[in-house]
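These notes concern the structure reproduced below.
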Amino acid sequence: MKVIAVDKVVLAFSGGLDTSVCIKLLEEKYNMEVITACVDVGQPRDEIERPAMVAKELGNYRHYTVDARREFAEDYIFPAIKANAVYEGYPLSTALARPLIAKKIVEVAEKEGASAIAHGCTGKGNDQFRFEAVIRSTTDLDVIAPIRDLNLTRTEEMEYARSCGIPLPSDKLYSIDENLWGRAIEGDILEDPMVEPPEDAFEWTKPIHETPEDPEVIEIGFHGGVPVALNGEELEPVELIGLANEVAGKHGIGRVDIMEDRIIGMKSREIYETPAAFLLLEAHRGLEQLTLTRSELRFADIISSTYAELVYSGLWHDPLREDLDMAVNHMQRRVTGTVRVKLHRGSMRVIGRESPYSLYSEEIVSFEDKTLDQREMAGMVKNYALQAAIYSRVCRKEN
């Protein structure tokens with residue numbers, strides 16, 4: 001394998017086995033000075049503090065911790081809400097975070113004058129595409145993926161870690177990836193698609209038998225398609241998403257168990273918890289139904305699937321995604337108002353919505369109103385199914 005001749009590299013670092021092994025590999029196999037960086041997109045506090053401690057323990061490496069929570073909410077999650085971006089039933093929590101993490105790692109590398117960026121992705125997952133698509137779209141820095149490039153198995157990683165004195169992780173049942181928008185759960189027992197996920201795999205969502213007996217009604221305020229308030233209280237983006245996670249999660253809302261089609265073509269059983277995403281997306285769609293025209297709603301469905309496919313596939317910087325954002329932002333300018341949602345025992349439904357841009361007219365809909373002259377409908381109805389009528393006549397002639 002050709003070794004890239006570089007002096008300094010910034011490693012996207014979590015402090016786990018993969019990236020800890022990468023530190024030593026980058027030094028020994030690539031002869032580079034390693035700088036580590038962790039990007040905060042809403043992980044638990046211990047997952048933000050651990051990388052700095054591990055980097056120090058492994059060799060006192062220079063380490064960066066970058067707080068990107070607000071940027072993640074405003075520039076990634078909110079555009080996804082406006083586009084109703086969901087991939088195969090999955091609200092894209094991990095997929096949305098990766099381009100931002102890559103962006104911040106690039107910024108650290110440029111600040112340090114590094115020649116390369118490294119990550120700990122394997123050759124079977126989606127993240128290698130998501131990281132490298134952003135890096136190669138925004139910089140000329142080299143990209144190194146030691147685990148993938150050296151074709152290491154998990155067992156080989158652990159053997160190498162032992163030889164280097166790297167502490168091995170405790171035997172955890174699950175591998176977790178968590179951010180503001182969701183929690184992804186993986187583990188050996190979950191790889192069998194016939195095995196129900198054990199209850200101990202979940203943290204954000206309650207099992208149905210532990211949810212409140214009484215339903216809860218919550219009001220969500222939107223401005224231009226973006227959630228801005230809960231129960232009449234305007235909140236900062238990070239706080240609003242966190243509170244929405246708590247409210248929906250305690251009612252058992254937000255669990256996802258799907259067979260997901262990965263970028264490379266393989267199917268994978270994936271488990272997610274995304275309570276805030278379920279709640280906010282449902283409310284957003286409810287408000288769109290009140291404020292967008294029928295043709296806009298139909299086109300929004302097309303945008304939603306295309307947008308989600310681009311994000312999932314790591315193509316955040318594809319020009320089409322930017323084009324779609326422009327169209328979405330124009331359509332969303334009237335998606336302002338309040339939506340009332342009832343949560344109970346793992347279910348939710350929109351039970352009320354209002355907007356200054358409402359296209360609903362109670363007067364016209366009323367059976368007692370004569371604003372719309374019913375007699376004018378006769379001509380429209382007569383020719384409404386014209387093609388179907390012609391087709392039927394043609395078929396009768398054939399018979």
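Cβ atoms are placed via backbone N, Cα and C, with glycine included.
Because the structure is a prediction, the values reported are computed rather than measured.
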Which of Gly120, Gly123, Gly125, Gly165 belongs with Ala12, Phe13, Ser14, Gly15, Gly16, Leu17, Asp18, Thr19, Ser20 in the ATP site listed by Swiss-Prot: Gly120
Which of Ser14, Ser20, Thr122, Asn126, Ser175, all binding-site residues, has a Cβ with the fewest other Cβ atoms inside 10 Å: Ser175
Nearest of the binding-site residues (Ala12, Ser14, Gly16, Ser20) to Arg130 (L-citrulline binding site) - Cα to Cα: Ala12
Alpha-carbon distance [Ser175 (L-citrulline binding site); Gly16 (ATP binding site)] in Å: 10
Number of Cβ atoms other than its own within 10 Å, given for Gly16 (ATP binding site): 15
